[in-house]
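Taking it in order: structure first as structure tokens, then the write-up.
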């Protein structure tokens, strides 16, 4: 066989493999969307779930998912930013730093159900936080920290050293250089990383089953005092999220339209995660354009 | 170093008499080590005020290392021993506030490295960190620096555009403008035109000749013509040593050291 022929065969095989991946993905997405989208209505998106009758919605679960996501990012972003800055800008290249990096890698490969059980023992039981949004947010932080730290570290590492030198040469301190030059320049990729990790958090179920709980008590949407237990903002209330809801309906749902609710909820979840991904790309590109040209 | 045949009597180093020449910066017995290997040995040079001094030599001769040691840019990657005297102070000592010192000894690098900010911000940013906050003052300094770098007329209507959208030559001049905006005494330039086309290069050279009136300039260059066109004094580096330092005219017409002659006539390097 000559080189040209081999190249043709290899190209064909690679095309085939790539097509296979795309087909599987499209089929999966298509199935979920075709089954689920007809179930989606304003009523479905806004009304509370019903345990025994048909016609329940996912309103509270949807709100819980976003609120939990917000809290989890609120906690994990500053920590990850600090850790990422330390690792890339300050940490000396020695065994301790290597150990920290290894630990982060191990943490990031931790199965989420293990994170959930750890969260249950640590936050729910030990710290007596109960099944609550705050327990869930902490568990999601454990889940999210390693990945976010890694992506922030990489975003910073991609900023050329000549930017740092430029700062030093102007008499700026390392702190000024990092916070005013390096981090802003890395902002597009940092934001992309944050939004992508938001998509992962949004779809997470296992880490939340034993921390944020599996019940969605009725909320009083006219009460925005975070200290009232029925307020949507209360961090101490149990909060079943969309992903947990889907899992629960499929394992023990007894409402007559369980299949439809599950299909609709899955479609909403998938659409939300897709939106996060598109948002990440769009924001990253836009910010990058803003920084590099008019 | 394997080649120890060079002896001091084969070196020709200019020494100024402080009575006739004002010395802006000088190094005494400077040694630079990367780990255990010595990149610079015996760097003894004096730089006269308001003159352009060029550092030439083959790749790896240590001229950039030497230059970067002058404002302590090598602090984190190399060990620098010896004295760097500036206004009677040894700025290589540990008690020196390095950040403050670098405001007196600015630097422009080989590759243009504007910040990912607007043209205006590239210059105003460091000033604001130093406490210049009035819009009027900032506007004034931005305009003056851009004029000095000979690019005001080209960019005065685009000050809010990203600096990264400028051409390479303009970016480099912006970097020069940024460096002089904080009014340093001394400007160090590390092959500032090596990444640029001939037109931009000659514009940068014109700019440097202008700046000479107010700044002491030390420039590393690979370009022999450039050194002879713009510099008053030239130092020839080889294998981490300064072999010859003299008035530029003398170096190029009548070098005292054989290696200098070989290098400037293109026989090696």
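Cβ atoms are placed via backbone N, Cα and C, with glycine included.
Range A:129-148 is the one annotated as transmembrane segment, of A:129-148, A:149-168 (source: TrEMBL). Between the stretches A:99-122, A:171-194, TrEMBL puts its transmembrane segment entry on A:99-122. Against the transmembrane segment (A:99-122), the recorded stretches A:12-34, A:67-87, A:129-148, A:261-280 differ in Cβ pairs under 8 Å, and the greatest number is found for A:129-148. Sequence-distant contacts of the transmembrane segment (A:261-280), counting only residues of its own chain at least 6 positions beyond either end whose CB sits under 8 Å from a CB of the stretch, comprise 29, 32-33, 35-37, 39-40, 44-45, 49, 56, 58, 61-62, 65, 191-192, 195-196, 198-199, 202-203, 242-243, 245-246, 249-250, 253, 255.
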